[in-house]
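Student: Take this structure, written in structure tokens, and hold onto it; I'll ask about it next.
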Amino acid sequence: MGWGDLGVYGEPSRETPNLDRMAAEGMLFPNFYSANPLCSPSRAALLTGRLPIRNGFYTTNAHARNAYTPQEIVGGIPDSEQLLPELLKKAGYVSKIIGKWHLGHRPQFHPLKHGFDEWFGSPNCHFGPYDNKARPNIPVYRDWEMVGSFAPEPVRLTPGVSHLFKEALDFIKRQAQRHPFFLYWAVDATHAPVYASKPFLGTSQRGRYGDAVREIDDSVGKMLELLHDLHVADNTFVFFTSDNGAALISAPEQAGSNGPFLCGKQTTFEGGMREPALAWWPGHIAAGQVSHQLGSIMDLFTTSLALAGLTPPRDRAIDGLNLLPALLQGRLMDRPVFYYRGDTLMATTLGQHKAHFWTWTNSWENFRQGIDFCPGQNVSGVTTHSLEDHTKLPLIFHLGRDPGERFPLSFASAEYQEALSRITSVVQQHQEALVPGQPQLNVCNWAVMNWAPPGCEKLGKCLTPPESIPKKCLWSH
């Protein structure tokens, strides 16, 4: 989902009344970022509070390549990483993930082995092909067993948003009066091929994508109502955000909006990593607040621990900040934002200034094939499809005056030189202290795909895996 997909962020059709009301009753963050322009690395960062370069969710197979966890990936979330639900157990929390996991699908990467107590959803994203013996269809799990799979047509996907919504209501009702709980509702309806339940089809001015957004909005609104009905709203912190910007390449019916920002998913321009972000906690977060804090999806790790009365692990670098001072007192904290693709630091924001060290949006090979992650948005001298190196003279933008990143500062200006000096110092400190994790997204093997998940025999869905042939994953962008 993109920054510009909610009415409160300026989407003109105003089809998100519940999320807009959530913002009105809580706090809106206009400067909130994912940890990567792609799904899996951002989700790993959310649950560990650490950049993907630290937790291993990156590839070294080629320069600055995006990578994720398709069915054939061998790696996943390492045992050495401590995930949020594992740590929350120390304070008596019960945790459930509903929807997309995407941190590895081999048995050792199962969410119930990394702190979650319950799971309903899929280890992968829902894109096909489906019912194909060359690529087994994607399983749907309840805890340890496969209970279904994604259907051939996106409109008939199971679990759809309605299933994920019902699972959320059930979990909240069961836990609200018994234990403190952590619910990670990871719906992927706005990921191409986008889908929505029948009651929402054709209801949006924005096509199928808008239908999906409307259903997500409706579900969030009903969850917030339930918290009020159960009299636990004032004791429940809710945060809404996304794992990367809208995929403009999926237009027209499958793409969202990144508002005024350049490019989208897969890129380290603002459209790829700046996200909608809403915080809601009645009686604690004053209504109608806007925080200009530079926020990150990794902050949810540290903030959640603070809410539970816990501290982050001290034996590793944690990139997430505790946002409670911003949420409860309106304070702003200085911090940089690092934009990575693979093991390459592409850009850094400090204050209002953003320096791009590399600006390529996708490989030239992809671009010649018609794959363009910035369709209709190419800016001469800014976006590029070659490995043009800007490290000698980084492009620097003032995001306050130029949020669309179209007019880089003059290399000769005093503002450029001052911003470059400050950012260079921060980057140098970061790189000197950085200890990269073992890359998890380098090796693929068709034999590790979901051929015979636990429970497949009950459904008649078991398939015979092919010969095991590990190979280097080819990341084309």
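Counting begins at 1 with the first residue displayed.
Quick reminder: no glycine exception, Cβ is built from N, Cα and C everywhere.
Predicted automatically and left uncurated, TrEMBL annotations should be read as such.
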Student: With Asp243, Asn244 listed by TrEMBL as Ca(2+)-binding, which of these, Cys39, Cys444, Cys456, Cys462, is given for the same site?
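Tutor: Between Cys39, Cys444, Cys456, Cys462, TrEMBL records just one in the Ca(2+) site with Asp243, Asn244, namely Cys39.
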Student: For a quick check of understanding: among the recorded positions Asn244, Asn378, which residue's Cβ has the most other Cβ atoms within 10 Å?
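Tutor: Counting every other Cβ within 10 Å of each candidate, the maximum falls on Asn244.
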Student: According to DSSP, does His102 (active site) fall in a helix, a strand, or coil?
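Tutor: Note: His102 (active site) is coil by DSSP, not helix or strand.
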Student: Apart from Cys39, Asp243, Asn244, which residues in this chain have a Cβ no more than 8 Å from the mean position of the Cβ atoms of those residues at the Ca(2+) site?
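Tutor: Going along the sequence, the neighbours appear as Ser34, Asn36, Pro37, Leu38, Ser40, Pro41, Ser42, Arg43, Ser242, Lys265.
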Student: If one measures from the C-alpha of Asn244 (Ca(2+) binding site) to the C-alpha of His102 (active site), what distance in angstrom results, rounded to a whole number?
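Tutor: Roughly 14 Å, rounded to the nearest whole number.
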